[in-house]
Amino acid sequence: MAVLGSGPAGFYTAYKVMSSIENAIIDMYECLPVPFGLVRFGVAPDHPEVKNCQDKFEEVASSPRFNFIGNVSIGKDLPLADLRPHYNAIIFAYGATKDRKLGISGEDRLKGIYSARDFVGWYNGFPEHQALAPDLESGEEAVIIGQGNVALDVARTLLSDVDSLRKTDMTHYALDALSKSKVNRVRVVGRRGPMQASFTIKEVRELLSLPSVSFDPIDPALLPPNAAKLSRSPKRLTQLLARGSSHPASQARKSWSLDFFLSPRSFNASKARPDYLSSLTFLKNELNGPDIFNSSATASPTTREISYPTSLAFRSIGYKSEAIDGMKDLGIDFDERRGIIPNDLHGRITSLSEDGTRIPGLYCSGWVKRGPAGVIANTMEDAFDTAESIAKDWENQETFLSGTNGWDALQGSVATKSLRPVSWDSWKKIDVAEKERGKAKGKEREKFANILDMLGVLD
Amino acid sequence: MAMHGHLTPPKPGEELTVTFVDKEGEEHEFQVAQGDNLLDIAQSEELEMEGACGGSCACSTCHVIVESDDMYDKMDEPDDDENDMLDLAFGLTETSRLGCQVKMNKALNGLRVRLPSMTRNLQASDFSGAKKS
């Protein structure tokens, strides 16, 4: 079977398929020379424990029934249709490669506006975004639009004492830029209220505990009046938000706030610097009843506007999956609206037609299956669910693709295209080189952020 | 190919009994040593428990449900870190714990925990409103 993508969705699916179908052989394709997807490029450098799932992935990769084929982009380097004659199944687990845009005035034109995804990719050494060079020196204020965990990761990165990050695997150029950052005030802005925000309590607690960082108290009217009566999760969150930070503003170097009920309306420039962001205008929202403390309460805009001066803004309103070139040839109608591959909710790819029939041998897993939300544990469960579907279909002798020989057969055609596939052993060489570079600086690892540098290790 | 924790067998006469009830309702009883945590026990016995973060209290994949309130009360209270992770767990109950944080001791001899069935909950909640297959 071919698995496209080497993040948690790909690896956990491979793991479960290999342990439930004896003799299953997995070829895992990855467009970069290095594996692990968002575990490497998404997880915050100061959350190294979250990356421990890599131990499991290493174990999967050490199986003789597993092949890693890095540095080969399916749909670009190798047409998707070329895989079909060589596999019994193709599993799409390539995640969400883009981010959602706001679609408001100034967004594409003004300097100083960054996608949080790009920023995270930048500090984590994602090749596509390593050259982002965000301007952290022009102003003291930053506004982050969105209140998910990515937004809070960005906030924490901006607010943390840079010395506390030096031992992490954050890239050297990001540490350098952060050490010169002038940002000392971060607003994290959401459309709805505290009980609807999508951050998780752990990330809020971390921010509230940052040394020398204060937090603007939340208006008690925005929090449920009877916290004790709530169910466990909202109760704990309410109590945490009500308690706020223990660092008084007078002794803080930096501060942050959660700003609620605001929908972004425009990014504005000043006359003096017409190409640069100078402020952000929001429309005030109201929550629709009956219960404004319900986690699914919706918001409606009012006509009241509010503007915040800032020269730095981050858009963090979610990721988005895209179709791979050539999907149509396999009969897949990518659902552009929902940003997922249509499936039976258990990973069996289905046609978009009325009957939603299963397309034999095609499966999806992770964010491209259910949308870009949740932590690694969610993706793991989701990947296991897809793997279970595959194992069941195999056991029930459902129709699969009738391809043979997998990567053994494809290697030849790759060679003629002058591609340079990276095997697991080659990745381990890159891995060792990165760890050695890190050691010299007292870091866990100093990543190569440039593909040529990664491949240079193998020359 | 499961990763096995390497547990030291209990000394004769000091065995503690713990029972895991898996997703299918099957019971698995083990004799373990004082100090072993539930994640390590489950993994060394090849039960289906992942421990994605390697037992560092940074995920919720080793969620277990303690069957009796009395037993739950005999355990040290979960700290903020554990509670924050439990808040993300599927099928959270009043007696939920993370397996990696519960260490066996004499007071917990005879402990029974259930492994929650997670997949169905995930599907139901994540696709609420979506077309049912």
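Every residue gets a Cβ built from N, Cα and C, even glycine.
All TrEMBL annotations are machine predictions without curation.
Over in TrEMBL, the protein carries these features:
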BINDING   A:Ala9, A:Glu30, A:Leu38, A:Ile74, A:Trp367, A:Gly374, A:Val375, A:Ile376  FAD binding site
BINDING   A:Gln147, A:Gly148, A:Asn149, A:Val150, A:Arg191, A:Arg192, A:Glu203, A:Gly374  NADP(+) binding site
Practice task
To the nearest whole angstrom, state the Cα distance for the pair A:Leu38 (FAD binding site) and A:Val150 (NADP(+) binding site).
Solution key: 12
Problem - A:Ala9 (FAD binding site) and A:Val150 (NADP(+) binding site), Cα-Cα, nearest whole angstrom - result: 19
Exercise for the section: Rank the binding-site residues A:Ala9, A:Leu38, A:Ile74 by the number of other Cβ atoms within 10 Å of each Cβ and report the first-ranked residue. Expected result: A:Ala9
Handout entry: Set of same-chain residues at least 6 away whose C-beta sits under 8 angstroms from A:Gln147 (NADP(+) binding site)
Key = A:Val188, A:Val189, A:Gly190, A:Ala197, A:Ser198, A:Phe199, A:Leu258
Exercise for the section: Please report how many Å separate the Cα atom of A:Glu203 (NADP(+) binding site) from that of A:Glu30 (FAD binding site), as a whole number. Expected result: 30
Completion exercise
Expected list for binding-site residues A:Leu38, A:Ile74, A:Gln147, A:Gly148, A:Val150, A:Trp367 against chain B, Cβ threshold under 8 Å, sequence order, is none
Problem - List of residues, in chain order, with Cβ under 8 A from that of A:Glu30 (FAD binding site) and at least 6 apart - result: A:Gly5, A:Ser6, A:Gly10, A:Gly37, A:Phe68, A:Ile69, A:Gly70, A:Asn71, A:Val72
Exercise for the section: Please report the number of other Cβ atoms within 10 Å of the Cβ of A:Asn149 (NADP(+) binding site). Expected result: 21
